[in-house]
Amino acid sequence: MTHFLDIHTTSKDDLRAIIDSARAMKTARDGRPKGTPDDEAPLAGRMVALIFEKPSTRTRVSFDVGVRQMGGQTMVLSGREMQLGHGETIADTARVLSRYVDLIMIRTFEEATLQEMAEYATVPVINGLTNRTHPCQIMADILTYEEHRGPIAGKKVVWSGDGNNVCASFVHAAGQFGFDLTFTGPQTLDPEREWLDFARQQGVRAEIERDPHKAVEGADLVVTDTWVSMHDPESAKERRHNQLRGYQVNEELMAKAKPDALFMHCLPAHRNDEATSAVMDGPHSVIFDEAENRLHAQKAIMRWCLGV
Ligand code: CP
């Protein structure tokens, strides 16, 4: 069973093949209207379940459109409205869904839920975000970087802010795609040590620098994300803002990076908190290319999972 659960658990060769396939499929569409099918229909006759236990705009729409462009069909399921949200086990849900659909994408809270779904499903499972990681987003980000600047291997990426689930997948990608990553943020919000160790074991630099201005020196890419994630309590908001204010990505900070550095944010953003509108809408920003590339990267991930 070929699940796509995380970047660090997928081989380097497979990750590269997915990126190359995404780029080829994007090019082949040649700007045609979004609702028209691809030339090939690799998902013809396939049914895909998209399960959301958390809100989503990009993941929901990009998976749905991607399946349709490849000739398949989708059903979008809300965890709350399924028996899953009323006591049915993940294992039973996985076994039942596997009798109806060919592929499952799930966005959930606990990583254990994703893992149990993958253990009991007899069809491939894709991680559409957990509290711990967000691999589909980072595959889109790698595609985006390479479209603009060529190979990401050997580059310096700086993550500023909260060492959250999106940051975790960026750290995994550093190890798998061969780039250096510097995290800058308060100690209480550091990415997990285990992730940094994983990247280092692959032979890249994965560092922590508390001073954001020092951290971004020589950066090829500066990345941030919301200061309060979907799984964080609302009560954390004020404290987070106080802790993270110094890590805002603004024009002054971007000026310390390389002149041709890119800026990324996976969205949704809280404008003028984690990043200013001047940066988000400025010359370094590729945030809407990242959003578009969710579609292309995930189409390649689905084809890889199904071997089609
Ligand atoms: N970046 C991202 O995953 O967006 P959504 O929460 O809108 O899916």
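Yeah, the Cβs are placed from backbone N, Cα and C, and that goes for glycine too.
Per TrEMBL, the feature domain 'Aspartate/ornithine carbamoyltransferase carbamoyl-P binding' maps to 3-147.
Taken from TrEMBL, the feature carbamoyl phosphate binding site covers Ser56, Thr57, Arg58, Thr59, Gln83, Arg107, His134, Pro135, Cys136, Gln137, Cys266, Leu267, Arg294. Using a 10 Å radius centred on the Cβ of Cys136 (carbamoyl phosphate binding site) and all shown protein chains, the other Cβ atoms total 26.
According to TrEMBL, the feature domain 'Aspartate/ornithine carbamoyltransferase Asp/Orn-binding' maps to 154-304.
According to TrEMBL, the feature L-ornithine binding site maps to Asn165, Asp225, Ser229, Met230. Under a cutoff of 8 A between CB atoms, and with a sequence separation of 6+ in the same chain, the neighbours of Asn165 (L-ornithine binding site) are Leu129, Thr130, Asn131, Arg132, Thr133, His134, Ser229.
In the vicinity of ligand 1, defined as a Cβ distance under 6 Å, the following of the binding-site residues Ser56, Asp225, Ser229, Arg294 are placed: Ser56. Comparing Gln83 (carbamoyl phosphate binding site) with Met230 (L-ornithine binding site), their Cα atoms are 22 Å apart once rounded. Checking Cα-Cα distances from Asp225 (L-ornithine binding site) against the binding-site residues (Ser56, Arg58, Cys136, Cys266, Arg294) with a 10 Å cut-off leaves Cys266, in sequence order. Around the Cβ of His134 (carbamoyl phosphate binding site), 27 further Cβ atoms fall within 10 Å across all displayed protein chains. The domain 'Aspartate/ornithine carbamoyltransferase carbamoyl-P binding' (3-147): residue composition by secondary structure is 71 helix, 21 strand, 53 coil, according to DSSP.
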